[in-house]
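S.K.: If you scroll down you'll find the structure; I have some questions about it.
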Amino acid sequence: MEAMAASTSLPDPGDFDRNVPRICGVCGDRATGFHFNAMTCEGCKGFFRRSMKRKALFTCPFNGDCRITKDNRRHCQACRLKRCVDIGMMKEFILTDEEVQRKREMIMKRKEEEALKDSLRPKLSEEQQHIIAILLDAHHKTYDPTYADFRDFRPPIRADVSTGSYSPRPTLSFSGDSSSNSDLYTPSLDMMEPASFSTMDLNEEGSDDPSVTLDLSPLSMLPHLADLVSYSIQKVIGFAKMIPGFRDLTSDDQIVLLKSSAIEVIMLRSNQSFTLDDMSWDCGSQDYKYDITDVSRAGHTLELIEPLIKFQVGLKKLNLHEEEHVLLMAICIVSPDRPGVQDAKLVEAIQDRLSNTLQTYIRCRHPPPGSHQLYAKMIQKLADLRSLNEEHSKQYRSLSFQPENSMKLTPLVLEVFGNEIS
């Protein structure tokens with residue numbers, strides 16, 4: 001047979017397409033990989049090893065150029081060995097018996113170590129996987145990444161008080177689905193009595209009735225952002241109701257937890273739309289892109305805005321998985337140390353279940369380096385939220401004390417955050 005070009009260099013496995021069948025360079029059978037510096041089948045690999053170890057001397061009974069195939073490779077050992085050498089197989093690559101034994105022991109040890117490591121590696125239990133699945137579903141049902149409902153709020157008015165001008169705002173439309181929109185707006189908020197939180201049956205679809213007026217005051221964004229916060233409270237209520245164990249609490253404890261955590265969870269939720277590029281909350285269109293000026297136009301000062309932005313930046317940089325994000329929101333809501341909680345032990349038991357799930361998830365699913373101290377950093381964010389909550393309450397009390405501001409808020413906002421006007 002014609003001699004093929006011999007190769008004595010180590011081929012690069014990357015040069016071979018994994019989808020192309022690999023052929024033994026000796027006999028044409030299906031190759032299993034590179035053996036002793038050449039692509040061969042298991043049969044020719046074993047033949048070459050045995051021949052080299054025995055230092056066998058073969059003689060061709062014919063003229064020394066037999067064509068070696070899968071079917072006749074046993075007929076002429078001399079030409080088969082010659083073919084092995086021609087394609088680049090080298091005896092220097094053959095391990096001694098001692099080396100083979102050491103290699104086998106190393107492989108066995110590595111397998112045992114991997115098995116031990118795998119047995120010690122934390123795994124999410126079925127219950128924990130179920131908790132995560134429920135919370136993800138709850139979040140998807142209560143957070144619309146298209147922000148389509150924002151067009152139903154009172155319009156965002158970015159007023160220039162010095163000139164009396166205002167920026168363009170979206171055209172209001174109240175024509176939509178009557179089942180969802182007909183009760184959302186009435187001509188005047190003065191006609192409304194603030195609804196009792198306890199009588200709302202924790203209904204995330206509860207209605208708020210803001211008035212639609214053109215506001216050129218320094219607080220021109222207050223009506224729009226009040227509607228946004230009211231809408232977010234409804235969604236937080238909906239999310240909380242689906243937290244495993246939350247419905248086991250008394251109605252009083254549910255209300256206490258929701259009232260005390262609402263603004264914190266809203267701040268957590270808003271991180272999904274927060275952008276590091278320009279430190280703003282991007283909710284779809286330019287009209288619904290909010291910056292610190294917009295927050296100040298709703299009556300808040302830098303004492304709240306600066307730590308809020310710092311919090312948003314820090315949380316964004318943690319690069320949380322969605323699973324971690326929803327668990328953090330649930331842990332935030334179900335906090336046994338909230339003032340007024342009656343059955344703190346039950347609340348703590350629910351929170352512990354959520355916290356353990358979060359810790360296990362981080363160890364199982366969040367690869368380093370992002371997972372380093374991640375749980376501790378997330379818990380610190382909850383502490384930061386408490387401080388933000390306190391400052392928000394202080395500024396809200398000051399804001400809502402003025403009747404002209406209080407009347408721009410919604411009944412749900414007044415009920416959750418308090419009504420300073422008696």
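Cβ atoms here come from the backbone N, Cα and C positions, even for glycine.
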S.K.: Determine which of Ser232, Ser335, Ser355 appears in Swiss-Prot for the same calcitriol site as Tyr143, Arg269, Ser273, His300, His392.
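M.R.: As annotated by Swiss-Prot, Tyr143, Arg269, Ser273, His300, His392 share the calcitriol site with Ser232, chosen from Ser232, Ser335, Ser355.
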S.K.: Looking at the candidate ranges 33-41, 87-95, 222-230, 411-419, report the one that Swiss-Prot labels motif '9aaTAD'.
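M.R.: Motif '9aaTAD', as annotated by Swiss-Prot, spans 411-419.
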S.K.: Across the zinc finger (60-84), what does the pLDDT come to on average, as a whole number?
M.R.: 94
S.K.: What are the other residues, in sequence order, whose C-beta lies within 8 angstroms of the center of the C-beta atoms of Cys60, Cys66, Cys76, Cys79 at the Zn(2+) 2 site?
M.R.: Pro61, Phe62, Gly64, Asp65, Ile68, His75, Gln77, Ala78, Arg80, Lys82
S.K.: If we check Cα distances from Ser273 (calcitriol binding site), which of the binding-site residues Cys44, Cys60, Cys76 wins as closest?
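M.R.: The answer is Cys44.
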S.K.: Return only the integer: C-alpha distance in Å from Cys66 (Zn(2+) 2 binding site) to Cys27 (Zn(2+) 1 binding site).
M.R.: 11
S.K.: Including all protein chains shown, what's the count of other C-beta atoms within 10 A of the C-beta of Cys60 (Zn(2+) 2 binding site)?
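M.R.: Cys60 (Zn(2+) 2 binding site): 15 neighbouring Cβ atoms within 10 Å.
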